[in-house]
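Colleague: I grabbed these lines from TrEMBL:
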REPEAT    451-484  repeat 'TPR'
REPEAT    493-526  repeat 'TPR'
REPEAT    535-568  repeat 'TPR'
REPEAT    577-610  repeat 'TPR'
REPEAT    619-652  repeat 'TPR'
REPEAT    661-694  repeat 'TPR'
REPEAT    703-736  repeat 'TPR'
REPEAT    745-778  repeat 'TPR'
Amino acid sequence: MFEQTPATFQQANELNRIKIEETQDVSVIWLDTHIHSSNPDYQNAITHLQHIVNDIYTFTDNDECIDFILTLADTDVCLITSGSVGQRLVPCVHDISNIDSIFIFCDDQNRHEQWGGKWCKVKSVSIDIIQICEQLTKIIRRYELTTIPMSFVQSGKRLDRLEPSFMYTKIIKEILLTIQFKDKHIRQFVKYCCDNFVDTEVDRKKVKQLEDEYHQHTPIWWYTTQRFLYGMLNRALRVMDGEVITLMGFFISDLHRHIEELHKLQFGDASTTAKCFSVYRGQGLMKKDFDQLVATKAGLMSFNNFLSTSENRNASLMFTPGNGKNSDVISVLFVITIDPKQSTASFASVRHISQFPEEEEVLFSMHSIFRIRDVKPMDGNEKVYEVALSLTSDNDKELMVLTEQIRKESFPNAEGWSRLSLVLADIAQLDIAERICRVLIDETPSEDSATHVYNRLGKIKRQKGEYEEAITLFRKSLELHLMSSSQNHQDVAGSYNNIGAAYSDMGDYPKALSSHEQALKIRQQSLPRNHPDVAGSYNNIGNAYSDMGDYPKALSSYEQALKIQLQSLPPNHPDVASSYNNIGNAYSDMGDYPKALSSHEQALKIQLQSLPPNHPDVASSYNNIGTAYSDMGDYPKALSSYEQALKIRQQSLPPNHPDVASSYNNIGNAYRNMGDYPKALSSHEQALKIKLQSLPPNHPDVASSYNNIGNAYSDMGDYPKALSSHEQALKIRQQSLPPNHPDVASSYNNIGNTYSDMGDQRTAVLFYTNAVQIAQKVLPSTHPHLQLIKRNLERAKQNL
């Protein structure tokens, strides 16, 4: 049985899997049929182990233990077992890929070494738990070094083709160093740890010590002594967990300042006379990362965390994986050349502070950037590659251009917490962005500043699908604008514009149109007639007409917007491309697919001239081109365009961004049109998985994915599963949208279709009737969707 909690194994698996993934990359599991929580020897061993790892998972049942290990697909396992159990167990589990190491804790070392020595994963046979702990410490230390996140920027390529992790890590570090953190931020982090990770008395003591003694020790002492801090920070930066990064902001800032302070003490007086020296770092690299490293030779790379290196080459080599079980891991020794006269990044020797003084550690601050000089097999050891790096300086021309490019794209006019909230919202970290905005509202002294925060908070609520709350916040922003500005102020027009967008999301298209017309009126009174913002209002009005099914008026509005933009903007301006895309959508809605395709191709042509090739707007144009091809029945070309859009979004957006999910949805639709229903289902399920990671569970976009999954099941003839998916979509839409929203009508229609396919025409008629009643309230009588639902209803009645 699973001993750590009284829950059943399945419950323990579900509850503790989250914690494993959130705190560490290697897990310790102890299997012994005779262990018991009341045994003092067992308690002593557990206490020793908990000083090394956050969690130890104990089992007394072999099968349950193996099942649990198999669920940890992305987490490597160190397995501790007894001699008698291990002799039977090791042959059964030795080839499980994510078992890294096995330790035999026994009473008869000589006896069990005889069989244990035959298995390469058996690292130690010992009667002493302290000896096992020492071995575990080395293995976990190796994992900590291997999993540090890194990014690459190839030399000679356009510097606007940046990996999101490179850009956002640099931005976030820059922002955190401008914020004045207080003791309350330490308490907030401690509370987060207690609420999410603290299960044992050892954990409680670690976290309590942090709260009580934080200012009594140096940040480097905490970093090298408290392993849970290192693990949490490393993982948060690797997966861009905005919440944890923000909560640890005080520590990131303090640790950087401490390294900076030591750097000045150690190198300040010798900056003009000090000689170049080298430091080393041994680790494993996943093959895909190693291939990227080789391809980036002469370019730049960054370690997106605080980087541990050593002055001792041999000590660093000990951290290379060697002949491990995983052929996808390449052993690498980084040889980093530092010129103290040129290098301006913060680094310092921490040998006198570190928990591991024998490693002769030199610690670099977060997001240090290096130039890749060479990659070659190491002399005398072709199983390890030597990578020559040099630390860049602020005078590096390529780095200077890169830094300026990043600043331009990361809300340079905002600062501190305000800028951080904008960046977090940009990478879909909406909950923590919202919490920061709430605090800013409480702490903002001026109404002018509060107005912008309310507006930003409204946009976050809109991203989360909480449209009524978004409108309330936009109206609050509008109210404050009207108190401090004239009625014709541009910020007032902006508020009306945001309100209109939220009404559109809610399906209240007449109110959306009214709000956008109000924004246009203000802009026409206060701006030149050919001002780009006037064109923006015409585009928004066109969107409202399009949603209402009045495609000729939509097209007219889009063409008016384009006319203004061509008078006031360069012909290759991105906003001109947006208008061509809108015009293409209008032609598509009107059934003129060749003109739609031509407009979208014109938009793409402009974007490729004016935007980075991996810009999200370029992906949107490929998506629109794919839709035009789909409408024309050319599904292979549609699929190719959708895949190009997905490729760009994967390069330019976080992996769980909603737009990435949107691309998977489009690809699923293309496969559906081509009759490949299993691939369609797989794509839609991938879209749903991403949305559930980045959006609230009742977000309308989540409902859309359930709807698409239902369609795929229906195409495959699995009507019960189709019905279940469509019912889930309807449930979410009823929770998150107004009762008369067109998407609610669509769900009723889809459920009606499913009952009709199942031969239950009577129930189908009921759902079609509900769909018609809703659609008639919000759509014009000529709207194609309303006409389709009416035809479905009549067909079902005829089949009764």
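Note: Cβ is positioned from N, Cα and C throughout, glycine not excepted.
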Colleague: Give residue numbers and ranges for long-range contacts of the repeat 'TPR' (493-526): same chain, 6 or more residues beyond its ends, CB-CB under 8 A.
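Modeller: Same-chain residues near the repeat 'TPR' (493-526) but 6 or more away: 455, 458-459, 462, 465, 467-468, 470-471, 474-475, 477-478, 481, 487, 533-534, 536-538, 540-541, 543-545, 547-548, 700, 737-738, 740-743, 778.
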Colleague: Please list the DSSP helix, strand and coil residue counts for the repeat 'TPR' (661-694).
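Modeller: Residue counts for the repeat 'TPR' (661-694) by secondary structure: 31 helix, 0 strand, 3 coil.
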Colleague: How does the model score the repeat 'TPR' (535-568) in terms of mean pLDDT?
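Modeller: Mean model confidence (pLDDT) across the repeat 'TPR' (535-568) is 94.
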Colleague: Where DSSP helix means H, G or I and strand means E or B, what are the helix, strand and coil counts for the repeat 'TPR' (577-610)?
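Modeller: For the repeat 'TPR' (577-610), the helix, strand and coil counts are 31 helix, 0 strand, 3 coil.
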